[in-house]
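Here's the structure, in structure tokens; my notes come after.
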Amino acid sequence: MMTQSITVEESRELDDKTINKIGIPSLVLMERAGLKIYEDMINNKDLNLDNVLILAGTGNNGGDGLVVARLLETHGYNVSILTVGNPDHASHDHKAQAHICDYYQIKKVFMNEKFDKYTTLVDALFGSGLSRNVGGDFATIIDKANASAAKIHAIDIPSGLNGDTGEVMGTAIKAASTSTIAYPKVGMLKDEAKPYTGKIYVDDIGIYRGNSFENE
Ligand SMILES: NC(=O)C1=CN([C@@H]2O[C@H](COP(=O)(O)OP(=O)(O)OC[C@H]3O[C@@H](n4cnc5c(N)ncnc54)[C@H](O)[C@@H]3O)[C@@H](O)[C@H]2O)[C@H](O)CC1
Ligand SMILES: [K+]
């Protein structure tokens, strides 16, 4: 169990080192992340997966969410996707995952969607890429998610939470649980972050401080 925590900047540096120096392709990391998040969810007895909605941004956090959508779909769960932001501006890996979701014809819904018919929402809006206060459609979706009857499972960092300080950047997802990638981000472990992170799962996807799990 990796109990250490890292800053958002270090998290992005470790991603970059793993991909560009060690050579594990980013899509491989995204598939591993998606599989771990899916497993966290199906093993979390507090989550009712009868009807799941993925709230996806257009970066790689959203890409993780699309992998989860496909894994839920291929295992017979009811799952839909709400993408926030312009898909034309999506990251390379996000586009690759959106193409796969299109193959499976996973249902797409839009900004006017009502959330109360869903039992679980997956927060894949943004993670380590959060760079400013949340506004516009993202704030609308976050507030609607928090107001719904559904439980929320967040990917990497609850969207809107500053991963370094634990502060809310305008508004933030209040998750029942969070699957964080590689290591918890320092801000997530602060007392004031607890209402936003909920129960934290730490997912080992092959990204390490040193060059191996042991040598952290
Ligand atoms: N890099 C990897 O190989 C892996 C990354 N993982 C996951 O990817 C995210 C980080 O992805 P990234 O694309 O860098 O950023 P985000 O998806 O967090 O953000 C997307 C995008 O959102 C924009 N943005 C930032 N702040 C705001 C805001 N306040 N309002 C609106 N839009 C905003 C900005 O343009 C960002 O680029 C990481 O968290 C992991 O979930 C994989 O899990 C592992 C491999
Ligand atoms: K998130």
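Placement of Cβ uses the backbone N, Cα and C atoms for every residue, glycine included.
Predicted automatically and left uncurated, TrEMBL annotations should be read as such.
As written in TrEMBL, here are the features:
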type	residues	note
DOMAIN	11-213	domain 'YjeF N-terminal'
BINDING	ASN60, ASN61, GLY62, GLY63, ASP64, GLY127, SER128, GLY129, LEU130, SER131, ARG132, ASN133, ASP156	(6S)-NADPHX binding site
BINDING	ASN61, ASP123, SER159	K(+) binding site
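In three-state terms derived from DSSP, GLY62 ((6S)-NADPHX binding site) belongs to a helical segment. Over the domain 'YjeF N-terminal' (11-213) the predicted model carries a mean pLDDT of 97.
Residue environment of ASP156 ((6S)-NADPHX binding site) contains 28 other Cβ atoms, counted within 10 Å of its Cβ in all protein chains.
Spacing of ARG132 ((6S)-NADPHX binding site) relative to SER159 (K(+) binding site) is 11 Å (Cα to Cα, whole number).
Nearest in space to LEU130 ((6S)-NADPHX binding site), taking C-alpha to C-alpha distance over the binding-site residues ASN61, ASP123, SER159, is SER159. The K(+) site is set by ASN61, ASP123, SER159; from the centre of their CB atoms, other residues of the chain with a CB within 8 Å are LEU55, GLY57, GLY62, GLY65, ALA124, LEU125, PHE126, GLY127, ALA154, ILE155, ASP156, ILE157, PRO158, ILE173. With a CB cut-off of under 6 A applied against ligand 2, the binding-site residues ASN60, GLY62, SER128, ARG132, SER159 are reduced to SER159. Listed binding-site residues: ASP64, ASP123, SER159. Those with a CB atom under 6 Å from ligand 1: ASP64.
In sequence order, LEU55, GLY65, ALA145, ILE152, HIS153, ALA154, ILE155, PRO158, SER159, ILE173, ALA175 make up the list of same-chain residues 6 or more apart from ASP123 (K(+) binding site) whose Cβ falls under 8 Å from its Cβ. The local packing around ASP64 ((6S)-NADPHX binding site), expressed as other Cβ atoms within 10 Å of its Cβ over all shown chains, amounts to 32.
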